[in-house]
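Annotation source TrEMBL lists compositional bias 'Pro residues' at 211-243. The annotation compositional bias 'Basic and acidic residues' is assigned in TrEMBL to 403-412. Per TrEMBL, domain 'DUF1565' is recorded for 251-289. Per TrEMBL, domain 'Pel9A-like right handed beta-helix region' is recorded for 367-529. Feature annotation from TrEMBL assigns region 'Disordered' to 203-253, 396-419. Among the features that TrEMBL reports, signal peptide is placed at 1-33.
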Amino acid sequence: MRPSRQRRLALLLSAVLAPAAAFVVGLAATASAATVFSDDFSDGDTGGWSKSGGSWAVVTDGSPAARQSNAGSENARLFAGSTSWTGYTVQARVKPLSLAANGHVGLLARAGGSTTYYRLALLPGDRVQLQAVSGGSVTVLATASRPVVPGTWYTLSVEVAGTTVRGSVDGTVIGQGTSTLSSAGRIGLQTAYASATFDDVVVSTGGGTPPTTPPPTTPPTSAPPPTTPPATTPPPTTAPPPSGTLFVATNGDDANPGTLAQPLRTIQRAHDLVQPGGTIAVRGGTYAPSVTIKILKDGTSSQPITLTNHNGERVVIDGENMPYTPGAVGSSIPRSDRGALHVEGDWWRFVGLEIANGPYGIFGVDTNNGRYERLVTRDNYESGLHIQGSSSGNQIIDLDSYGNRDPRKNGESADGLAIKEGSGTGNVVRGARLWRNADDGFDAWLFLSPILIENSVAYDNGYNYWNLPDYTGDGNGFKNGGGNDPRPAVNHVTRNSMAWGNSAGGFIDNGNPGSLVFERNTAWDNGKAGFDVSRSTSTVNRNLSVGNTTNVSLGNSTGSNNSWNIGGTWTFVSTDPATITGPRSADGSIPRSTFLRPANGADVGARL
């Protein structure tokens, strides 16, 4: 039964007035958690909350809930509680409805004033951040990659104890940090350039021990050379393994039960044993199977299966001993032998693995709702990561794919990332780095459904680094379609991405006659056109094209506020890619830099 407003106010008053419930006890361990405030908005109003900005009202969204509906509001907040509250956990269900590129939806703790607080924020680009906010200054305490989908409910939680702040989403800790910004304060709900619904707000004290600070990670060293894998695996964590975890180690035995103390030897055996909701945690080392690892079973939407490196350890799956590494010139690889990791299952998560020297790196076919996160696919004998067939809802997040080549085809088809020869909605690429591949960085040849590419880079593709005879690699950064005549019309979208130094084009439609979108991208120093959209009816806005053999070939495509519309001479703040191509940030994202930003400050081109 949902609590009445009278009960909620009584809880609040007891928390403020009763010494026994004083928050100065922080989050020290107690026998059980005490709820000191809650609001489910079942009374139909936001009484007891103070408003600042936005348009707030109680609506019915399955049940009564508070909604901020003004998506243009710069800073809309509801505050509740006492400025004397210190150690507590605040939790709420949150549903973002719209989220601009510069927006966020957040849950606040220890709001000492209207602009000073800790915030757990859902951000565009599938990110969640734990932040310390003081006025216009934001200090990021932790960042995690996690799907942020408008119209989806998330349970956010912020714990504060002493100087430690911890944030969780749907019961999973996304990160924690230490801060002396605010020692006490109210709770809050917030949107910025977003609309959202909030419900089931609960504040509790006790019931657990204060969060501990994870061990520091070793800072990255200088940027590696182009053919050395940057540090892309997540930082180690000391969290205990989830239930249902099977461990694999180079010194394991497939007759073992798969515990940490008695691990399995092969990933294939772990796959055969794992159940929906389970995790395969692979210990550090190199695994060199002689046959393709086949992922054939399904997880579910509520119980995906995870294959991950254990606690950030470096795991290399080396496919050199597999068939077709390489295949003979002109030969065809049987479907079942494609990929060091061959994926036909649905609802899988692949995290923190390095796949090298395979007949493909990862080959997915008729596979749906997969998440490929912080992977390295390098030096394979075909594309690094390849998805085809009836495949939808796949997310490729923070991929590094390089050095992939195909001697059997003289360089014609080995891409860094290929989503081609198939169909399926909802496929997304974010944060990919694709370089020194024989054919293209990204290739969507004959994929019949729109793909979204964001915050990614492709460079130095299409050159014959391997001295392959009769070389035929294309050398485009982002190839957005194509196929046999009549070529299919597909409306792919590419945003905030960069292509430089490729042997052919930067961003091309490849004969795709669809209505593509290219927005805030940068092309520099490519061997042919920076943007070739001459055979499509694309919309191109705020793109920057400089120093290419041809900066733009428009045809019937249209747009505005591009460098070629603005005119003049364009120079950059920096043409040194060392930061953007070096070790990734701790959260797996591409490091921020001033690389290829216009020196005149114009609001065009990518910002990475």
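We count from 1, first residue shown onward.
Yeah, the Cβs are placed from backbone N, Cα and C, and that goes for glycine too.
Helix, strand and coil counts under DSSP for the region 'Disordered' (396-419) come to 3 helix, 8 strand, 13 coil. On the 0 to 100 pLDDT scale, the model's mean across the domain 'DUF1565' (251-289) is 96.
The residues of the domain 'DUF1565' (251-289), classed with DSSP into helix (H, G, I), strand (E, B) and coil, number 7 helix, 8 strand, 24 coil.
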